[in-house]
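What follows is a single structure, written as structure tokens, with notes after it.
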Ligand code: ACK
């Protein structure tokens with residue numbers, strides 16, 4: 001290429017030339033990039049070119065190599081000297097050509113092959129041209145023509161060739177340019193050759209129309225020089241420029257280096273070299289040369305060129321959903337809603353909806369409605385109801401709702417929502433659960449105000465607790481001298497929200513706490529408030545001192561009179577009223593009485609006439625108000641029935657009725673009714689509630705609330721492995737809360753066991769069985785001890801078995817056994833071991849192993865309850881708080897005792913945890929179960945892996961010397977636990 005003329009195009013030219021070699025795709029060759037201006041072969045008739053002189057060139061008809069008729073010109077005056085024969089073409093219009101090409105096809109006779117022509121014969125001819133703006137007709141001037149070139153033949157023919165009829169055809173092409181005038185002539189000058197012009201073709205080159213990268217480039221005539229023409233393309237229909245499309249047209253009529261491109265519009269795809277509308281059922285939402293996509297599931301389009309597909313009926317697309325996602329719908333309702341009620345809070349737990357609507361963004365919203373009795377429509381809950389973690393947008397399937405009103409019906413609507421729920425309000429579904437909250441103690445008093453202070457009195461008032469959880473019966477005001485540090489204190493009761501503390505020392509600081517009482521018992525105490533009486537020197541005016549003097553003397557007279565009256569009445573009535581819980585003012589010296597809390601339990605035995613105790617604590621019911629439906633079980637004194645109680649002006653209630661069988665002795669009647677005397681003193685959501693007694697007609701009956709699910713042990717056995725950890729902990733929390741109440745009342749149960757816990761339809765557990773003789777006779781589990789007396793050995797603490805030391809701490813031991821029973825779904829503690837073996841094993845430090853899948857924290861709690869030293873066992877208050885923590889943090893239940901390292905002790909004392917550790921290696925385990933004979937026996941057995949252990953049967957154990965039935969079962973059960981544990985961790989040999 002000759003690129004000299006201009007520097008910039010030169011560089012571009014070189015660059016593109018090299019580029020087109022490296023990357024042939026950059027070179028766009030069009031097959032027909034030559035535009036003919038003249039083609040002698042195309043003419044069928046005479047060409048009419050001018051010959052000068054007329055005997056020079058001759059026009060002759062012939063055929064070409066394909067035998068197509070053509071017109072040719074010949075001259076062959078080789079015998080004569082000074083030949084100058086001209087042949088001139090007709091005028092050829094230039095059109096847009098800037099440079100023309102002349103292609104000649106001719107034959108030429110070899111002069112050597114013609115005898116006697118030496119000196120005159122030539123083997124070349126001249127090609128010339130003349131540019132004019134118009135056709136000059138037949139006017140011909142030789143000198144006006146410019147020579148293009150002398151044309152010589154590459155191959156000339158001889159006489160022999162003629163004989164063989166082989167004519168050697170030469171093709172020569174010459175460029176002429178730049179041409180500028182409107183047209184031109186060509187001329188062929190013969191100076192004595194023997195030549196035949198077979199064809200003459202005149203053409204120019206052009207880059208033809210092309211569509212490239214969705215841009216069209218028009219016909220473009222190249223430059224005459226060697227520079228390139230830059231051409232801008234225009235985007236085809238339904239497309240947009242992404243980057244301006246450009247190409248270069250070379251002098252050879254070739255397109256070079258496409259740059260930039262166009263993109264099909266949305267709704268159009270590239271097909272061939274055009275943009276075509278998407279077919280029905282397809283869409284294209286993006287600009288670009290991607291293909292149209294099929295409509296995603298649950299969407300459609302019936303027209304062409306769709307940008308996106310519309311959703312089918314009842315299917316939707318959320319705002320942020322791209323058109324490529326399927327249309328979706330709101331989820332179905334959550335399933336299997338369960339509620340665990342805990343006083344005034346409830347844990348709601350549910351399963352995922354069956355149909356998530358095809359979306360992953362499912363969350364849950366819980367709506368709380370308060371349903372008042374008699375009102376058909378429930379109202380929205382108060383705003384201060386607390387949801388944990390929140391009420392809306394829940395990602396987990398559980399929520400805790402707190403701060404509800406006590407003893408109130410609530411409905412919770414749990415709705416599963418997804419990104420399209422808002423778009424389909426009519427399709428939204430929810431699951432509803434209705435609950436009734438339990439009784440709950442009032443919250444603490446928080447605001448106390450000092451109204452008046454004198455030398456020996458202080459008047460105070462306070463605001464009702466924020467959450468009374470019922471009608472406040474009265475307030476207990478406890479106060480003491482700050483210096484005395486609670487060793488001696490005074491308690492006052494007040495019906496209203498104010499009190500005057502009198503008889504105080506002058507100029508002294510007092511600390512004071514208030515707590516409210518409702519039917520559910522006392523609430524927590526307020527924090528301690530400090531008040532000071534006025535100093536001795538406090539001066540009062542003479543008038544006021546007189547008033548004070550009168551007041552004091554009249555008060556003294558009234559007090560004297562009251563004391564006299566009290567003594568007289570006390571003589572007459574003679575009963576031990578001092579034990580009555582409703583005493584107005586109590587004074588405890590030196591702290592040797594129990595700390596004031598909930599009312600003190602009164603042992604009915606202390607009443608000389610037991611029937612008086614019954615009527616003190618239990619309501620006498622008219623037998624006509626009771627309808628017995630069916631017998632549900634048998635008790636020590638007679639049948640237990642279910643029935644209904646309808647009291648005047650009250651709604652009918654389901655009740656359980658314990659009857660005293662006919663032919664009872666006086667003692668039996670007393671013992672039977674003693675249970676009612678005890679039960680009647682309790683008022684707590686986790687203690688079975690006494691409705692009343694029938695003593696004035698026969699049969700004698702004790703009527704209690706009805707517990708739909710019966711006793712806990714059989715209930716758990718019936719529903720083996722069907723509850724979540726939270727549900728089990730909820731039940732345990734209820735039992736612990738009931739026991740806390742009993743221990744606060746100073747009542748020791750002595751027979752706490754799952755069989756003595758009753759379960760209602762809401763899974764609320766309540767402590768029952770309070771008979772006085774029950775522990776001795778009623779309980780089939782009770783066995784005679786060596787010291788005489790019947791004791792339920794497996795549930796009873798060692799000190800109670802050995803020397804009858806029954807305390808709340810021994811109840812805590814029993815609670816540990818109940819905990820084990822619950823977590824093993826009603827398994828019998830110590831299996832079939834005999835009572836004697838149990839006593840021995842426990843005394844040697846043996847403890848029950850963790851039930852299958854038992855959370856480590858709960859197993860630790862069991863171990864703590866089974867501490868040998870009773871003072872180290874947890875108090876029920878602590879147990880309740882541990883369980884509350886677990887409920888608040890259900891994740892902690894996931895670590896099971898069978899698989900985890902030993903958990904940190906929940907209580908301060910660690911000594912018991914040395915006794916049993918969770919299962920680790922086989923050696924640890926043998927140490928842990930502390931069945932020494934077994935361990936020794938095992939050390940003689942060879943085992944290489946845990947695989948053999950699950951096959952170990954009781955029989956096998958007998959063979960190796962483990963003969964006690966309990967440990968055998970224990971070992972087999974522990975092996976099973978170990979087997980699941982060892983799936984990951986091999987047991988060392
Ligand atoms: O396990 P259960 O069905 O529940 O069988 C025993 C049976 O009476 C003998 O005690 C059932 N039972 C006792 N008190 C009640 C009660 N308040 N509500 C329902 N069932 C009760 C207990």
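The backbone N, Cα and C atoms fix where each Cβ goes, and this holds for glycine too.
Unlike curated entries, TrEMBL annotations are predicted automatically.
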Listed range which TrEMBL flags as transmembrane segment, given the options 501-523, 524-546, 547-569: 547-569
Contact between the domain 'Protein kinase' (626-887) and the domain 'Eph LBD' (34-212) (3 or more Cβ pairs under 8 Å, separation 6+): no
Counts of helix, strand and coil residues, the domain 'Fibronectin type-III' (441-536), according to DSSP: 0 helix, 45 strand, 51 coil
For residue 658 (ATP binding site), the number of other Cβ atoms found within 10 Å of its own Cβ: 23
Counts of helix, strand and coil residues, the domain 'Fibronectin type-III' (330-440), according to DSSP: 6 helix, 51 strand, 54 coil
Whole-number mean of pLDDT values that fall within the domain 'Eph LBD' (34-212): 89
Assigned element (helix, strand, coil) containing residue 658 (ATP binding site), judged by DSSP: strand
